[in-house]
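This is the structure I want to talk about, given as C-alpha cells.
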Amino acid sequence: MVAKTKKQTGKSPATQTDRDRSPLVSPPGKSNVRRPGREGKAFNSTHSNGLSGIRHKLGLTPSAAAKLGITLLLAALTGYLHWYHLTQLFENDRHFSHLSNLEKEMAFRTEMGLYYSYYKTIIEAPSFLDGLHMVMNDRLTEHPLVINTLKRFNLYPEVVLASWYRMYTGVMAYFGIPTKMCWSINRGEGLTPVDSCEGMGDPAYFYVTCVFLLNGMMMSIFFMYGSYLSGSRLGGVITTLCFFFNHGESTRVMWTPPLRESFAYPFLVLQMLLLTYILRTRNPSRTAMVALGISNLCFMLPWQFAQFVLLTQVASLFASYILGYLAAAKMQSILVTHMITLGVCFVLMFGNSMLLTSFYASSLVSIWVIIAMRERFAQVFRQGIVIWVMQGLAWVCSTVLLKFLLSTVLGASDDAHISGLIKSKFTSYKDFHTLMYTCAAEFDFMELETPVRYLKTLLLPINVLVVALIAGRTVQDVVRSLRHGEKTLAKTEDADEAAGSEIAAKGELVYHSLQLMAFAVLAILIMRLKLFLTPHMCIMASLICSRQLFGWIGEKFKQHTVVFAVLAIMAIQGMTNLQAQWAIIGEFSNLPQEELLDWIQENTRPNAVFAGAMPTMASVKLSTGRPIVNHPHYEDAGLRERTKLVYSMYSRMSGETVKRNLMKLGVDFFILEDSWCTRRTRPGCSMPEIWDIEDPQNVGKTPLCTHISRNSRPHFTTVFSNDIYKVLKVPKATKDLR
C-alpha cells in the first residue's frame, strides 16, 4: 500500500458534466435528425415557454415531447453510468491517481505510449502552432527521417485534446483557478517518494478523462440506437444491459485509453444510427446525409482500420440493394456521401495513399458503376438469382482489379501486410511480418471461449433467433418475388414510394443482419475485431422488443413479460461478469523500466539514437525524448523493414551481420530484453523461430540474443543492465558502412 500526503492545496477540479448529444429524435410516426445541447437544462419547469417553442419547431405533440424527454434522460443516465464504470475500472487496475508522471507515461505501453507522446509534444511546446509543426516535421520517431506523424499515425485526437488542454489551463490560469492537486507519494520498499497530481490540470488525467467522457457519450448513443431500431425504450435498455453484461468482450477502452479505436468507435455508433434513420426514411434530407458524412469523417480520421469496417458496411448495403430492399437512388446518395467523406479525409490526411488504394475506395467506385449500369444488367441477364449473382461477381472482380491497379499506379505497398495476413488465414502462407501479427493472440482466430461467454449471457441465442426470423421473412420475400417474376424494388427509382414504409423497415433489418454477419466473419478471422461484433450483437438484441418481429408473442404486455424474463436470466451471468471486473484491484509498477529510463535521461546525450523491441521504443521516445529507429505502428512498409533489421538481434545470424544492420540505421544503443529471446506464445512463435522462416540457412544455430545476454563482446559493449533490460552500445559506423 502507498501513503498519500497532501503536498499543496487547491480546489478540486470542477465536476465535468456528461454532455450527451442526441443525434436522432424518434417520436411515433416521425423521425428527425437533431443534435441539441445540454439536456439537463431542458427540463427546468421555469422555462416552459422555451420548451413549448422547441416542441413546436420539432413538430411534436406534448405526449411525444414527454417521451423524447424521458428517452434523453435515460440516455444521459446510461452515458454517465458507463463513464463512471470506465473510470473506476481504470483507477482500480492501475491506481492511476497515485502514480508519478513517469509512471503514468510507462502505463501507456506500446502504441498507446507512441500516440500519447505527440499529445505531450504539443502541450509542452512554446505554442500550439509550434507543437503542431513539431509533430508534422518529426525527427525523433524514425531517425534520421523527417516524417509527418499527423499523416502517418492518425493523430487528430491528440491534436484536438492538446488544443483543448492548452485552452483549459490557459483560461484557468488567467482567472487564478487551481486545476490540480499534487501529493507526495511514499512508495515504501526503500524507494524514493514521488510527486503525483490529479485533476484536469494534469496532462495524463485530462487525456484519459476526455477519452472516458467520449465513451460515456457513446453509451448514450447506444441507448438511443437500440430504442430507435426496436421502436421501444425497453430495446435501448436491453442494448445497454447487454453491453454491460458482456463488457469485457465489447470494449477495452478501460485498459487502453489512447488506442485509435477508443476515439473512433463512438463515431461509428453514431454513423450507424444515422444510417438506420436514412434507411427507414423514404426521402432523407440533405441534413441527414451531411450528418452521416460528418460522422463518417470523425470515424475515419482517428483510425487507419476504419476503411475495412466501412467496406463491410458498403458491402452489406449493396447486398440489400441487390435483394430489392434498398432503392437505387438512396444507395447512390449513400455512396456519394462515402465518396465525399473519403476525399475530405484524403485531404486532411495529407494525401495518405492507403485511403485511395484501399478495397473500400475501389468498392465505392465499383458499386456506383454497377448501379449506373443496372438497366444494361437487366437487358443482358434474367431477372432473379442470375442477375443477383452476376452483380455480386461484378462487384468482387472489379473491386479487386481496381484496388491492385491503383496500388500499382501509385506505388503503394503499406497495406501489403493485410493481404499477407488474410492469405495466412486460409493457406499455410507465412512470412516474418505475417507471423509478427498472427503470433499475437489478438490477431489469431477467435478463441472458443468467446462464443461460450456469449451463450452464458444469452447474447448468442437471442441474436440467432433474431437473425433467423429476419432471414425467414427475407427468404419469403425473395421466393415470392421469383415466383411472380416481379422486378426487385431496387431497380426502380421510386422504390420507397411504391413499396412504402414496410419495405424500408424490412430493408434496415436486412442490412443490420448482413452487417452482423460481416462483423462475425471479421471477428472469427481476427479475434481483436470482436470489439465490432459484440456491440452489434447488443444492438441486434434490442429487436426482441420489436413488435414487427415479435408481435406474434401477443399483446405488448405479454411481450414485455417475456423480455423481462429473458433479462432476468441474462443478469445471472451478466452480474457475475461485472463483479469479476469490479474485483480487479491492482497497482501499476515497473521498476526495471523506470531504472532504464532514468539511466537514459542521466547518462546519454539528447540526440543518442535507440533501437529495440517496439513496445519499449515507444516508452523511450515518450519519457526520454530520445530519437528511435523503430516503433509499434507497424502499418508502414518502410517501418516494417526497419523493424526487421532491428529484430535481427533475435535471429540466428552472426553478430557481425546484426552489428552492420544497426550501424546502417545509425543506432547508438540497442536495448536487449531476454524475454524477447525466450518468449514463446505457441509453437513456432518465438522470435528465433519466426526468423527461421526468413533465414533458413541458419536454422539450428544458437540465437544471437542468447550469446549476447551472456557476453556482449566483441561486437557490442554493455553499458547498463538490470533484471529485464540490457543496454548495448553500438560501435560508430565508418564511412564505408554508411
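Cβ from N, Cα, C; glycine included.
TrEMBL lists these features:
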{"type": "REGION", "residues": "1-48", "note": "region 'Disordered'"}
{"type": "TRANSMEM", "residues": "64-83", "note": "transmembrane segment"}
{"type": "TRANSMEM", "residues": "204-225", "note": "transmembrane segment"}
{"type": "TRANSMEM", "residues": "263-280", "note": "transmembrane segment"}
{"type": "TRANSMEM", "residues": "309-327", "note": "transmembrane segment"}
{"type": "TRANSMEM", "residues": "334-351", "note": "transmembrane segment"}
{"type": "TRANSMEM", "residues": "357-373", "note": "transmembrane segment"}
{"type": "TRANSMEM", "residues": "385-406", "note": "transmembrane segment"}
{"type": "TRANSMEM", "residues": "454-475", "note": "transmembrane segment"}
{"type": "TRANSMEM", "residues": "509-527", "note": "transmembrane segment"}
{"type": "TRANSMEM", "residues": "533-550", "note": "transmembrane segment"}
{"type": "TRANSMEM", "residues": "562-584", "note": "transmembrane segment"}
Go through 64-83, 357-373, 533-550 and flag the stretch with the largest number of C-beta pairs under 8 Å relative to the transmembrane segment (263-280).
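Of the candidates 64-83, 357-373, 533-550, 533-550 scores highest.
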Please report, as numbers and ranges, the same-chain residues at least 6 past the borders of the transmembrane segment (533-550) whose CB is under 8 Å from any CB of it.
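Counting only partners 6 or more residues beyond its ends, the transmembrane segment (533-550) has Cβ contacts under 8 Å with 222, 225-227, 229-232, 234-236, 238-240, 242-243, 246, 249-251, 265, 269, 272, 454, 459-460, 462-463, 465-467, 469-470, 505, 509, 512-513, 515-516, 519-520, 522-523, 556, 559-560, 562-563, 566.
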Can at least 3 Cβ pairs under 8 A be found between the transmembrane segment (309-327) and the transmembrane segment (509-527), with each pair 6 or more apart in sequence?
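In contact, yes.
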Test the contact criterion for the transmembrane segment (454-475) and the transmembrane segment (562-584): 3 or more CB pairs under 8 Å, pairs 6 or more apart in sequence, then answer yes or no.
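In this chain the transmembrane segment (454-475) contacts the transmembrane segment (562-584) - 3 or more Cβ pairs sit under 8 Å.
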Can you find at least 3 Cβ pairs under 8 Å between the transmembrane segment (334-351) and the transmembrane segment (204-225), where each pair is 6 or more residues apart in sequence?
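No, these stretches are not in contact.
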By a Cβ-Cβ criterion of under 8 Å, what residues six or more beyond either terminus of the transmembrane segment (509-527) are in contact with it?
229, 272, 275-276, 279, 308, 312-313, 315-317, 319-320, 323, 325-326, 421-422, 425, 441-447, 450, 463, 466-467, 470-471, 474, 533, 536-537, 539-540, 543, 548-549
At a C-beta cut-off of under 8 Å, are there same-chain residues at least 6 beyond the transmembrane segment (357-373) that contact it? List them, or none.
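Here the qualifying positions are 307-308, 310-311, 314-315, 318, 321, 328, 331-332, 335, 338-339, 342, 391, 394-395, 398-400, 402-403, 406-407, 410, 412, 415.
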Please indicate, using numbers and ranges, the residues of the same chain that are 6 or more beyond the transmembrane segment (385-406) and have a C-beta under 8 Å from a C-beta there.
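For the transmembrane segment (385-406), the list is 315, 318-319, 322-323, 356-359, 361-363, 365-367, 369-370, 377-378, 412, 482.
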